[in-house]
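Pulled from TrEMBL, these are the features on record:
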- B:7-30: transmembrane segment (TRANSMEM)
- B:42-65: transmembrane segment (TRANSMEM)
- B:77-110: transmembrane segment (TRANSMEM)
- B:166-185: transmembrane segment (TRANSMEM)
- B:206-224: transmembrane segment (TRANSMEM)
- B:230-249: transmembrane segment (TRANSMEM)
- B:256-274: transmembrane segment (TRANSMEM)
């Protein structure tokens, strides 16, 4: 029991650290975007428009458009749970917990399938 | 526009705190505020709400992982059920009458409210299940957590894993079909059906919600439902709120958390039933 508990603790600490980096980075990007909005005095796009495709988004970021930066931050935030699943697979593998490597890999595959399905649907 | 951004941060702060304490994501707080009070198109409200669910989940998870409140194995195992349910729900949209589904899920929430009140009234209080179960042993799901309110380590086990798995699948199905966050269903599956203590149930629900929401969030991102001027400031508020909520939850008495949870699911259940009968839109 003690063994199991310590193993789990390590797994959780690794996931926690990487997830924290992901969250801080995405939050920082969003905050930079909001600050740009205030200092640049606007969205950088006509009223009611914002980038929703990667090409337009990165172009907008290069031009320092605030809405493009905020959208990048939001997209990074959407990726944080996916990042968490990926790191979990690695962490379980490190602890030689094969059953949970399989279970977590299954979750990742379903998740990727859902994202592709959603993007095309 | 500038003042509304600050307002969104404040709304996010409140929703994130409550969402993290209860494990419900905060979408049910954000959607009505944005639509009813601010007159926003439901499309953008749902887009903003799904981002808030992810922000609550990721923000709260960091704190819960650090404090060992989560049950990672339970989360991973049950996530198979929720994600499969969510995809099936998305595929089946239109196959069922949404009226019927709203009424069904609404009544289920009302029934759960009744169950939770009974649990609150019971003299035994928050009894922790520690028995043995072959599925729980095989999947190594039993765990322990440190209760900061009661200042003790709580070892717990659970039972009826298949029942919880089916409930999780239904929760995923509901979120796919109706576009609702299903955190409340997740907490009920773990706490009521599997007999997992309320605190790890809520923390684990928080963790799982992010994964379920990430799949649908990409759809909303690319179809233009996510507005940067709303979802951006909202998510910053939620992230801060979730961090506060995750710390707050650990020092609260389980009984108090249940007392906050009961009116919330009662309200959600009523709202869904009324929506089903066409009284609410």
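Any Cβ shown, glycine's included, is placed from N, Cα and C.
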Check the transmembrane segment (B:230-249) against the transmembrane segment (B:77-110) for contact, please; criterion is three or more CB pairs under 8 Å, pairs 6 or more apart in sequence.
no
Check for me, if you would, whether the transmembrane segment (B:77-110) reaches the transmembrane segment (B:166-185) - at least 3 Cβ pairs under 8 Å, residues 6 or more apart in sequence.
yes
Same-chain residues near the transmembrane segment (B:7-30), Cβ under 8 Å, at least 6 residues beyond its ends:
45, 48-50, 52-53, 55-57, 59-60, 63, 180-181, 183-184, 186-187, 201-206, 209, 213, 230, 233-246, 248-249, 252, 257, 260-261, 264, 267-268, 271
If one takes Cβ-Cβ under 8 Å and requires six or more residues beyond its ends, the residues near the transmembrane segment (B:256-274) are 18, 21-22, 24, 28, 102-103, 105-110, 112-113, 116-117, 119-120, 126, 184, 187-188, 198-199, 202, 249, 280
